[in-house]
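Engineer: Shown below is the structure under consideration.
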Amino acid sequence: MCHVSAVSSCSGTRPMGCSKWRAAFNFGHLKAQSKLSLFFTMIVLFTYLLYCLNECCDSHPRPVYENGPVSSRDGPEGAQPLDAHSASSASLVRKQLSDSPNGIQPFYNISIANNFGSKTLPQAIIIGVKKGGTRALLEFLRVHPDVRAVGAEPHFFDRFYDKGLEWYRNLMPRTLEGQITMEKTPSYFITKEAPRRVHSMSRHTKLIVVVRDPVTRAISDYTQTLSKSPGLPSFQSLAFCNTTTGLIDTSWSAIRIGIYAKHLENWLRYFPLSRFLFVSGERLVTDPAGEMGRVQDFLGLKRVVTDKHFYFNQTKGFPCLKKPEGSSRPRCLGKSKGRAHPLISNEVLLRLRDFYRPFNLKFYQMTGHDFGWS
Ligand SMILES: Nc1ncnc2c1ncn2[C@@H]1O[C@H](COP(=O)(O)OS(=O)(=O)O)[C@@H](OP(=O)(O)O)[C@H]1O
């Protein structure tokens, strides 16, 4: 009512002023309309951008640490053959990857690369040893633009061999020409059937074994089990068949895994020594760049991962990867890596060292490398 009377009084008494007012009103309406459409366009664009970013995240392979949740994204994906078009785009992407500063792959490059390439069976596998430092090695290697690796442990050659090679291949990330596909499953080293199975996949497979003082390794192994089962008997009671005789219980896996010479014998039936690289778990902590140099040489890779990629994190007490450019995430390993070990008596330690000594010497002889475990 009020609105109608105002207009009618206006049109009757002050036509000039009214038309001016109308023009002004119309102009304002137009402005508001264009602002509104701009606003909607922005919303549409923003939603699209969010959608695209989400898509990128979905295809981005995330490192999987044993202490963290394993994402469903680590599951098998359908393999796609590399066609001519993707091959040319792939070389472009490959160039982008190798041009990346410090060899650290930026997020956007990874997501692009992930849509190209093909899934191949691994040319190199970190086969052991459990608690040797295998996760650290794999994460350090993943910094290299020519290495693509599965985050989770596939356990193909020990647990899932029945699923077949095609299943295994499908677990692998896509690689471009010249890139190496890798995985790590530390239990392969002690699996009797693993050497034959790996050999039947390819006799050219490069095998990396991260070894650590078997006594410290056994304690590390025990610490991990203890963290899952707090009621576990003491290390000492598990390590010895009988504490008075001091007989070591080799049926306990924490002890058995450390008899490296015995497990290596099994592998040497199928692979020559030249197919192996033995990485010192101790040096991987004290000199990560030095060990990484050896690993890259062994894999036939350019030495991209160097000392400038590492810093020593005082709180963690371990070397960590420097922040990759454009990311605020530090690259230390998770809480399950570098745990504090329970105190073990000197007497127990001495007995264990005595037990391992002959096996260690045999291992040094077989590998031609003295790891310096006393
Ligand atoms: N950079 C860095 N950060 C953290 N931890 C490191 C690192 N380098 C080597 N290590 C040692 O790795 C030990 C765990 O070995 P694995 O990764 O082979 O364990 S597992 O078999 O996969 O469970 C782990 O053993 P614990 O110290 O007993 O936890 C570490 O000593």
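Glycine is treated like the rest: Cβ placed from N, Cα and C.
The feature domain 'Sulfotransferase' is assigned by TrEMBL to 122-357. According to TrEMBL, the 3'-phosphoadenylyl sulfate binding site annotation covers Lys131, Gly132, Gly133, Thr134, Arg135, Arg212, Ser220, Lys337, Gly338, Arg339, Ala340, His341. Residues or ranges marked as active site, for sulfotransferase activity by TrEMBL: Lys131. The disulfide bond feature in TrEMBL is assigned to Cys320-Cys332.
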Engineer: Quick check for the class: what is the C-alpha distance, in angstrom and rounded, between Gly133 (3'-phosphoadenylyl sulfate binding site) and Cys320 (disulfide bond)?
Structural biologist: 13
Engineer: Quick check for the class: what is the C-alpha distance, in angstrom and rounded, between Gly338 (3'-phosphoadenylyl sulfate binding site) and Cys320 (disulfide bond)?
Structural biologist: 11
Engineer: Distance check, please: Cα of Ser220 (3'-phosphoadenylyl sulfate binding site) against Cα of Cys332 (disulfide bond), rounded to an integer number of angstrom.
Structural biologist: 18
Engineer: What is the number of other Cβ atoms found within 10 Å of the Cβ of Gly338 (3'-phosphoadenylyl sulfate binding site)?
Structural biologist: 17
Engineer: Cα of Ala340 (3'-phosphoadenylyl sulfate binding site) to Cα of Cys332 (disulfide bond): how many Å, rounded?
Structural biologist: 16
Engineer: Among all chains shown, work out which of the recorded positions Cys332, Ala340 has the most CB atoms within 10 A of its CB.
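Structural biologist: Counting every other Cβ within 10 Å of each candidate, the maximum falls on Cys332.
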Engineer: State the Cα to Cα distance, in Å, between Cys320 (disulfide bond) and Arg135 (3'-phosphoadenylyl sulfate binding site), rounded to an integer.
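Structural biologist: Between the alpha carbons of Cys320 (disulfide bond) and Arg135 (3'-phosphoadenylyl sulfate binding site) there are 12 Å.
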Engineer: Considering only the binding-site residues Gly133, Ser220, Ala340, which possess a Cβ situated under 6 angstroms from at least one atom of ligand 1?
Structural biologist: Gly133, Ser220
Engineer: What number of additional C-beta atoms lies within 10 angstroms of the C-beta atom of Cys320 (disulfide bond)?
Structural biologist: 20
